[in-house]
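Feature list (source: TrEMBL):
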| type | residues | note |
| --- | --- | --- |
| REGION | 1-21 | region 'Disordered' |
| DOMAIN | 116-297 | domain 'Malic enzyme N-terminal' |
| ACT_SITE | Tyr139 | active site, proton donor |
| BINDING | Arg192, Asn447, Asn491 | (S)-malate binding site |
| ACT_SITE | Lys210 | active site, proton acceptor |
| BINDING | Glu282, Asp283, Asp306 | divalent metal cation binding site |
| DOMAIN | 307-560 | domain 'Malic enzyme NAD-binding' |
Amino acid sequence: MESTMKNLGDEASVLDMDSKSTVGGGVEDLYGEDSATEDQLVTPWTISVASGYSLLRDPHHNKGLAFTEKERDAHYLRGLLPPICISQQLQEKKLMNSIRQYQVPLQKYTAMMELQERNERLFYKLLIDNVEELLPVVYTPTVGEACQKYGSIFRRPQGLYISLKEKGKILDVLKNWPERNIQVIVVTDGERILGLGDLGCQGMGIPVGKLSLYTALGGVRPSTCLPITIDVGTNNEQLLKDEFYIGLRQRRATGQEYAELLHEFMTAVKQNYGEKVLIQFEDFANHNAFELLAKYRTTYLVFNDDIQGTASVVLAGVVAALKLLGGSLVDQTFLFLGAGEAGTGIAELIALEMSKQTKAPLEETRKKVWLVDSKGLIVSSRKDSLQQFKKPWAHEHEPVKDLLNAVKAIKPTFLIGSSGVGKTFTKEVIEAMASFNEKPVIMALSNPTSQSECTADEAYTWTKGRAIFASGSPFDPFEFEGQVFIPGQANNAYIFPGFGLGLVISGAIRVHDDMLLAASEALAAQVTKENFDKGLIYPPFSNIRKISAHIAANVAAKVYELGLATRLPRPENLVKYAESCMYGPVYRMYR
């Protein structure tokens, strides 16, 4: 059973491929994960060749009852499995039947996580083939509940936990991770999980879920993905008193202590994994999110999905909605409820796109975008008391204390909710939007479903079926006066997987705002006439791998254009190249 790489024999191995075959960002395809290597034989390496019981316990290589007769003989599996050999398709059918028996979404989530820990390829096969059904299970809204109960459902660790205890030793902690070729890291400190607040160490469910989607939807290899939670304590009293809480039992570190830990982490990541690893900041509180992005965006390959990813997916919806509304982007007026990471991030990208289209200064195009926070409309008379990231949106206007009066005063064509507070788009607010817009655009983006500013049926009913609606969490189709409306979902999962793939395959070293605009344009271009006829401003998730390939190609093209690519020469056909780099979940045949 013991062997070394030198004794593989004369057959071609994934380990022996030349650089043209190691397409995924130039990193060797050790596990045979890319679509380009689907037909090649793979050696199931761990430290030595995995065989027997260890092979069945290795999620990278385990195929369960799908091991062939030849593989069972070659890898000492006789007697360790029942005698039947079945196909991956039958395994998938059996598991989907089993998952559909569960009535509680959290049970479905737990079943999927257990599958991921047991048989990685089968997990991704299920998720890719049943994406519309399973996306709400492994991501929002169910992942929110999973994070709230993470201490109770915790089975085995996924990813790295870096706490204040590891200060001064973070590089050593990173070296404990078994994989060396890391391309994407999703990191959180758990302070602002979805709309649920401070969940501390239990926020790990978010990086794990996000990276599952990087692989399933964007095709980034799972072996190159690393979820990380930075535990600096929690201010959630309920968790501090919970005997099952898995994190540090102390109040959050702030100020210099927090900044030093984060800086040590960033330095260690670059030292251990190099310049081209994408670090995605996820669910940090507003003050830290903006500060971290501003501090590191010029020296690291960093991306904040809450600020930049949300902005990109919403801009794509806005661009697509213009096909239904008519007119150009600069003709529109935008009003946001919520002036945090998401709201200001979306507003900035919309203003950037307006500036790009009209060649007008950014300061001018920002005036077409208004924001309402907890104290009312953001206006210039409030400038001295505003946080720094809100100041660009303080325009000349008399003070307005609430959303309804702001809607009546500003008369927006787009009403966008990113407040994290449910039921804030009231009947009066929606009816006011409908009173001066033939087709009011209502985007209730807050997650999970309970925090959505309004539901799809409320938006359609209160506008008498005239609204163009999209939400952050999924809503079922709704029938109004004989017409069936299919709500669009402005889900970040449209953008970040393909965006990440584009950065990886081009070997990008920095993220530029123009790359986010390129991702938005690519997504908007995927909305078909058939989708528009149903009132949709986003394409169906069933085509997400194709959509991600186009987004990756558009982003990579922009990376090359800006001179920020290290993967040279530039491939001729970036869409085909992106597709060849995408992870394929089909079982490989073993020697």
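Placed from the backbone N, Cα and C atoms, the Cβ positions cover glycine too.
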Pairwise CA distance, Asn491 ((S)-malate binding site) versus the residue listed as 'active site, proton donor', rounded so that it is a whole Å: 10
C-beta crowding around Asn447 ((S)-malate binding site), within 10 angstroms: 24
From Tyr139, Arg192, Asn447: recorded positions whose CA lies within 10 A of Glu282 (divalent metal cation binding site): Arg192
Candidates Tyr139, Arg192, Asp283, Asp306, Asn447, namely the recorded positions, that fall within 10 Å of the residue listed as 'active site, proton acceptor' by Cα distance: Tyr139
Which of Glu282, Asp283, Asp306, all binding-site residues, has a Cβ with the fewest other Cβ atoms inside 10 Å: Asp306
Those recorded positions listed as Arg192, Lys210, and which of them has the most Cβ atoms within 10 Å of its own Cβ: Lys210
Inter-residue C-alpha distance, Tyr139 (active site, proton donor) and Asn447 ((S)-malate binding site) (nearest angstrom): 11
Spatial separation of Arg192 ((S)-malate binding site) from Asp283 (divalent metal cation binding site) - C-alpha basis, Å: 5
